[in-house]
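Working notes, structure below.
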C-alpha cells in the first residue's frame, strides 16, 4: 500500500485475482454439490420405486396367506397385532373385506399408492399420490377398529378445489356391529355432487383432504393430529345414520392409518 494509504495498482490486481479464484472455486464446489444432489435424488427416486414395487408384492401375497389360513383351519388370535403373521388387526380386516372393493368397482387389481404406516405424511407427498389418479379408494382406520372411507371414480386434478363426481360414494368395511358391513352409501340426489378436496400445504391442523361437502363430510388429518372428524353425513348421503361409520358425529378424533388404493 502506498505511503498515503491508497491501494497500489499491483495490490488491486492481486485482489481481483484472488476474488476471481474464489469465484471459480465456489462455482466448482457448487457444481460438485449440484451433481451430488442429482445423484442423491435419482437414488431416492429409485428407492421409492423399489419400495412401491416391494409393497405391492407384499400386498399381493397377503390374500394367499389368508387362503392358506382357511385351508389349514387355523384361527389366529387377533389382538392389536397378530403374532402368526405380523399383521395388525386393521390389515387382517382389510384382507378379508377387499373383495367388496372389487365388487363395487368391477375392477380386480389393486395398487397401493399411499400408506401412512410407510409413506411421508406431508401434504406434498399425499398430493403426489392422489393427483391425476382415478378410481381411488381412500381407506381410513381409526383407533377403535372402524374401517371406512370414500371412493372417487374421477381423477383429482387440482389442490384446494372441490371436485364433483356423481359416481363417488362413502363406505364402511368394519363398523364394530353398527351396520352390516361392508356397506356403501351414495350421494343424495337433492344435494350437490361435490365430493373431495385436497388441502393446501400451509394449514395448521394437519388436514390432508376433505370428503363430501358442502353439508355432510369427513375431514382427514394426518395420524399425528387429533383433528379428523365425521360431520352430519346423513344430510349428504342416502340412508346413512350420522354415527354409522365410527359413532363420532361432530367430534374430533385420530386416524390410526390412512391408505389410498387405486383399482385397475
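The backbone N, Cα and C atoms fix where each Cβ goes, glycine too.
Bear in mind that TrEMBL entries carry predicted annotations, made automatically and left uncurated.
For the coiled coil (30-57), the residues of the chain that approach it from at least six positions outside its boundaries are 111-112, 115, 118, judged by C-beta separation under 8 angstroms. Taken from TrEMBL, the feature coiled coil covers 30-57.
What TrEMBL lists as domain 'TLDc' is 94-199.
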Helix, strand and coil residues within the domain 'TLDc' (94-199) as assigned by DSSP: 20 helix, 39 strand, 47 coil
